[in-house]
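Submitted below is the structure of interest, expressed as structure tokens.
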Ligand code: FAD
């Protein structure tokens, strides 16, 4: 029996960050991983997709540059090299985490862990015990019950990342974040991309106005969308879907299923510890504690906010509770991004949510085309939206949504503003922004919000 202060199951961004911080606080940790360290995020999620998104953006801007005087620019896309580069990026970062897992105080165990009881874990026939246990086992692609889902043309996002050639005809089922990032990147690399989505707009619950603008831009690049369409069956790459009461069929060599993810709870032996689950995953309270007092569940496995940074901060919050420290992390203010070209990012309430909640809000827009840096970058197709609420005569940001170059970096600034409940838009307007930068787009939106000019 090996005893440590803390056990963590899963070495994705939730698990490995928490393990590392815990040892910095003097705790001993046993961490279990049955595949590669880094989890979905590093091996088949954030990092490999962002490597593709980066190259797609480079290709898009190189094509634009040809219009603006970079003559005789000629390039062929050698996708298998881009694929190799993606693998190199992943393995470079993975070796960094492998090293972290060797830090003093960490016992790293390769293998599938499961509960024996509320304080004991079994892995490779060995027993491990700790007072506190964090489950950080992540999620996997959820396959919908579609006839022919096992067709050879069907792939998950993980499998698509393993393919070292560009699919000729790529059909993407599901226009969520994962579907849209692949649609944008592979259409640039040369695939003929079709997206089939059940809902009436892509990317819910992202601001629908912004989602629609992105869709229009991808349509201009040649991506075909079928919205309010439900896939009925897949056979030899023929994808049949129903739209407006009629059946239509398109042919694809590769069909990406991107219809959501499900918690990794199978084989964990949760019943041995009496841990409650629901259809989203492990049930937790607002402090990520399960129904068993000493056991926590962080990241994708609790199904709350399926983002790498959410997993990391949930782990940090749990660690603070274990240590008896207080923190002020506001999990309501969770920024997120879609790394298409152009990029989308947002934080806080959208206009749709304000309407649903009957809130008295205002929305102010500032356009990329009015910003000097954006024009010089030829990144004029974009906008920033500030959603504000008035309290005692002062305006506060309750949402910020951006479509355009470096949207994620812009939204990060507003995330900081929103984290300080005392900070009004007038205070934000007093902060000097460097010229010329894209950050001036948000500053401009702030000035509009306080200028008493009509809201858009
Ligand atoms: P994971 O990263 O899934 O890690 C869990 C680990 O636990 C895995 O390594 C697994 O092998 C291990 N494990 C499971 N069961 C056991 C067991 N019984 N014993 C031992 N080990 C076990 N998020 C972002 O914030 N930004 C992005 O740009 C982004 N892009 C994405 C793109 C794609 C294609 C996908 C699929 C996801 C993306 N995500 C992104 C989501 C992000 O990857 C996840 O939110 C994040 O990885 C969740 O972290 P986690 O630690 O909860 O779980």
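Cβ from N, Cα, C; glycine included.
Note: TrEMBL annotation is automatic and uncurated.
The domain 'FAD/NAD(P)-binding' annotation in TrEMBL covers 5-315. The disulfide bond annotation in TrEMBL covers 41-46. Annotation comment: TrEMBL describes 50, 137, 138, 139, 300, 306, 307, 308, 309 as FAD binding site. The NAD(+) binding site feature in TrEMBL is assigned to 174, 175, 176, 177, 178, 179, 180, 181, 197, 260. As annotated by TrEMBL, domain 'Pyridine nucleotide-disulphide oxidoreductase dimerisation' applies to 334-445. Taken from TrEMBL, the feature active site, proton acceptor covers 435.
What's the neighbourhood like for each of these?
Under DSSP, residue 41 (disulfide bond) is assigned to a helix (H, G or I) in the three-state scheme.
Taking a C-beta cut-off of under 8 Å and a sequence gap of six or more, residue 50 (FAD binding site) has these contacts in its own chain: 339.
Under a cutoff of 8 A between CB atoms, and with a sequence separation of 6+ in the same chain, the neighbours of residue 178 (NAD(+) binding site) are 49, 157, 258.
Per DSSP, the secondary structure of the domain 'Pyridine nucleotide-disulphide oxidoreductase dimerisation' (334-445) breaks down as 39 helix, 33 strand, 40 coil.
Note: residue 435 (active site, proton acceptor) has non-local neighbours 372, i.e. same-chain residues 6+ apart with C-beta under 8 A of its own C-beta.
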With every protein chain in view, what's the tally of Cβ atoms within 10 Å of the Cβ of residue 41 (disulfide bond), excluding that atom itself?
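A count of 24.
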For the recorded positions 180, 307, 435, which residues place their CB under 6 A from an atom of ligand 1?
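What lies within reach of ligand 1, judged by Cβ under 6 Å, is 307.
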Work through the binding-site residues one by one (197, 300) and point out the residue whose CB has the fewest other CB atoms within 10 angstroms.
197
Using the alpha carbons only, what distance in Å do you get between residue 197 (NAD(+) binding site) and residue 46 (disulfide bond) once rounded?
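Rounded to a whole number, the Cα-Cα distance is 22 Å.
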Using C-alpha atoms, which one of the recorded positions 41, 46, 174, 176, 180 comes nearest to residue 300 (FAD binding site)?
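Nearest candidate: 41.
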How many angstrom lie between the most widely spaced Cα atoms of the FAD binders 50, 137, 138, 139, 300, 306, 307, 308, 309?
22
Using a 10 Å cut-off, grab the number of neighbouring Cβ atoms around the Cβ of residue 309 (FAD binding site), all chains included.
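The answer is 15.
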